[in-house]
Amino acid sequence: MANTSIILRVELDHGKVTFGDVAAAISKSGGDITSIDVIRPGKDSSVRDITVEVADTQEDRVVESLKRHDGIKLINVSDRTFLVHLGGKIKVQPTLPIKNRDDLSRVYTPGVAKVCTAIHEDQDKAYSLTIKRNTVAVITDGTAVLGLGDIGPHAAAPVMEGKAMLFKQLAGVDAFPICLDTTDTEEIIRTIKAISPIFGGINLEDISSPRCFEIETRLAQELDMPIFHDDQHGTAVVVIAGLLNALKVVNKRMENIRVVVNGIGAAGVSICKMLLSAGVTKLVPVDREGAIVRGGTYSHPMWQWLADQPQVEANEGSLKEVIKGADVFIGVSRGNLLNGEDIRSMGPDPIVFAMANPEPEVSPEEAIPHSRVYATGRSDYPNQINNVLVFPGLFRGALDCRARCINEPMKLAAARAIASVVSGGELNELYIIPSIFNEQVVIEIRKAVVQAAILTGVARRIPKDFR
Ligand SMILES: NC(=O)C1=CN([C@@H]2O[C@H](COP(=O)(O)OP(=O)(O)OC[C@H]3O[C@@H](n4cnc5c(N)ncnc54)[C@H](O)[C@@H]3O)[C@@H](O)[C@H]2O)C=CC1
Ligand SMILES: CC(=O)C(=O)O
Ligand SMILES: [Mg+2]
């Protein structure tokens, strides 16, 4: 169950209540006090901010218990998650101050003109003389935001800002959120091409399928820079990394396992493709209508591609039917679709990656008793399988070697690098994937990605530490 942190500002009437009464009321209604700040002390009354950790479902109970209590006046309730979003989560900052006219004439006109001319004469100089070499656009149209669906470009912004924060904190990449007010494929392609000159790479985010496939493919063909749809490939890379390690835990091999992937959208298609490249021979892709089967006919081009693959099973069935006997379940669909019984019907030592956000396909309470390895996309449970493990290091590597694109060998190298961060001695059911705060993750991905880019001839620059 997910917890939230709320700050309750309360005024206590000392003639009627003590702080002990407040603490007891909070505790009885399911809250856990984590800090107390006195805002206004006083003899007859006092005002305090009480920070309370509480399960999402219990928040109202805590608030109501204080409202009802004689002698307690509830002045305000602030959700800390909302508080950290006030005014947005990133800002633009100059790299140097402009202290006088002399500085002004260098960073701006007239001095800047000769720099412009230099770039005009040699466009590659944009990489050394502008923010291009370290700046990525995080672009969405707001149509497949987390598992929330088509919530539009304004509502998508907090996720994009969050991705930009992660790019910066984890890999030093300057990322800028761009939320497009169009869902038209051609208009999106045109717009991204038009704004691309200032960026060193494009991270596409939360654009629903099947439009995301066309948008990414066309941009990769038409722009000479890394284009990466995070929900497709970031997710596939981290799944492969987690699976490589989970298979070691359960002592099974990629060639022998039967894998059910639920939700054949952006993430699901790329995961299926990468599973096949990694050697999976028994694959069951499933979407709303049930299994996508070998030999079937589908209007969705990527589903048709899957139906033409020899490793895809031919048996029809609903998710609850096809999951029976499976070794691995990978969910990238939506929350709460399966229960403990479904997991119990899987083969021995089941591996369950329930990665829908914000709610996984099967909750930990239901899945953990019946699975050997359980992972979600969330940071509040063990084994967080989330594309945040991938995109910062991958773009760090791609920018550092000025890669022309992000190709399959670079992605596979990134997956192996992530898996390698968990050593053989550390590996266990609850630790198949490193934490995003493990500094080795970005370092290892960068190294692997740069090497793969050089080997495949797409690097335009050899970073100093590779010379
Ligand atoms: N943990 C992680 O790193 C990531 C998790 N995700 C999560 O995966 C989910 C899908 O994301 P995208 O692929 O970007 O979205 P998408 O919209 O491209 O694809 C979702 C697919 O799931 C299918 N689907 C919906 N309900 C279903 C059901 N009841 N049974 C089977 N299939 C169903 C849809 O038809 C669609 O094909 C979201 O919840 C998202 O938050 C996505 C990317 C990364
Ligand atoms: C993690 C992520 O990118 C998603 O859930 O869409
Ligand atoms: Mg996403």
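Quick reminder: no glycine exception, Cβ is built from N, Cα and C everywhere.
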Record says GLU205, ASP206 bind divalent metal cation. Source is TrEMBL. Which of ASP174, ASP181, ASP184, ASP231 does it list for that same site? ASP231
Check: min Cα-Cα distance from ASN386 ((S)-malate binding site) over recorded positions LYS163, ASP206, ASP231 goes to ASP231
Does any of TYR108, LYS163, ASP231, ASN357, ASN386 have a Cβ within less than 6 Å of an atom of ligand 2? These are the recorded positions; tell me which, or none. ASP231, ASN357, ASN386
Which recorded positions from the set TYR108, LYS163, GLU205 come near ligand 1, judged by a Cβ under 6 Å from any of its atoms? none
What are the DSSP helix/strand/coil residue counts across the domain 'ACT' (7-80)? 24 helix, 35 strand, 15 coil
Inside 10 Å of the Cβ of ASN357 ((S)-malate binding site), count up the other Cβ atoms and send me the figure. 17
Can you tell me which of these recorded positions sit near ligand 3, meaning the Cβ is under 6 Å from at least one of its atoms: LYS163, GLU205, ASP206, ASP231, ASN357? GLU205, ASP206, ASP231
Mean pLDDT across the domain 'ACT' (7-80), rounded to an integer, is what? 93
With the divalent metal cation site defined by GLU205, ASP206, ASP231, which remaining residues of that chain have Cβ atoms positioned within 8 Å of the Cβ centroid? THR140, ALA144, VAL145, VAL159, LEU204, ILE207, CYS212, HIS229, ASP230, ALA266
